[in-house]
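J.: Before we start, here is the structure in question, set down as structure tokens.
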């Protein structure tokens, strides 16, 4: 049986953001933008969707007098990502 | 544009690409390994020459290079932290190892009146070994791991020699654990 894929993660940029944040403790907005080759506008929209779902935590502070946005994955986000990976597996593995 | 209909292969490609994008690069810190390695190696040799060749009692003052290197180290990592745009689990693991190393180093330095310098230097060599072998293990950089264990072997041998020889052995210990791995660092060692 094919398991349903979480629509929030099954999208190019949101999946890239989540994969990146799975691998680090914290990353700033510009770093994510650079690594995903996204535009600020699009990334901002997708980051907000992930934040609203509780998958990531976004922190806005000031660093050297400049606004600084950093993101980190939440426990709920880690669970969702793991579920997504397991669901992906069901598409690869031959069914019994 | 945001692509919403991915196939399985596309999903897996995105995940693996992002994982390889966030790998740790120790080569950024090449300068630190070389600075500490050369500072300790040159200071211990200078200590030996000044004290045993020229008979200068205050030769130990060469170790004032350590607090100077400490300040350079603090400035370097302070800047790096301010500029850092990402903090990984590897960063945390390595930082934890070296924080514990510094704490242990101070414990032994403060205990030096009780242990005597003869007893301290071999311990320091073992400590260098712990720091570099653990870091090498975390980032899978063999030269650092092997150098760390060799430093422990040198430290073990140092327990059986007098202070004069220990100064040479200290220099050897940091050469294998810091200087050689530092020079061997390729442009990128990723984990």
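Even glycines carry a Cβ here, placed using N, Cα and C.
Curation plays no part in TrEMBL annotations; they are all automatic predictions.
Not measured: the values here are computed from a predicted model.
When I checked TrEMBL for this same protein, it listed these features:
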- B:31-50: transmembrane segment (TRANSMEM)
- B:56-76: transmembrane segment (TRANSMEM)
- B:97-114: transmembrane segment (TRANSMEM)
- B:120-139: transmembrane segment (TRANSMEM)
- B:146-163: transmembrane segment (TRANSMEM)
- B:169-186: transmembrane segment (TRANSMEM)
J.: Cβ under 8 Å to the transmembrane segment (B:146-163), counting only same-chain residues 6 or more beyond its ends: which ones?
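T.: Same-chain contacts beyond the flanks: 117-119, 121-126, 128-136, 169-170, 172-174, 176-178, 180-181.
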J.: By a Cβ-Cβ criterion of under 8 Å, what residues six or more beyond either terminus of the transmembrane segment (B:97-114) are in contact with it?
T.: 120, 123-124, 127, 130-131, 134-135, 138
J.: What parts of the chain pack near the transmembrane segment (B:120-139), using Cβ distances under 8 Å and only residues at least 6 beyond its ends?
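T.: Long-range Cβ neighbours of the transmembrane segment (B:120-139): 24, 26, 90, 93-94, 97-98, 101, 104-105, 108-109, 111-112, 145-152, 154-156, 158-159, 163, 166-167, 169-170, 173-174, 177-178, 181, 189, 191.
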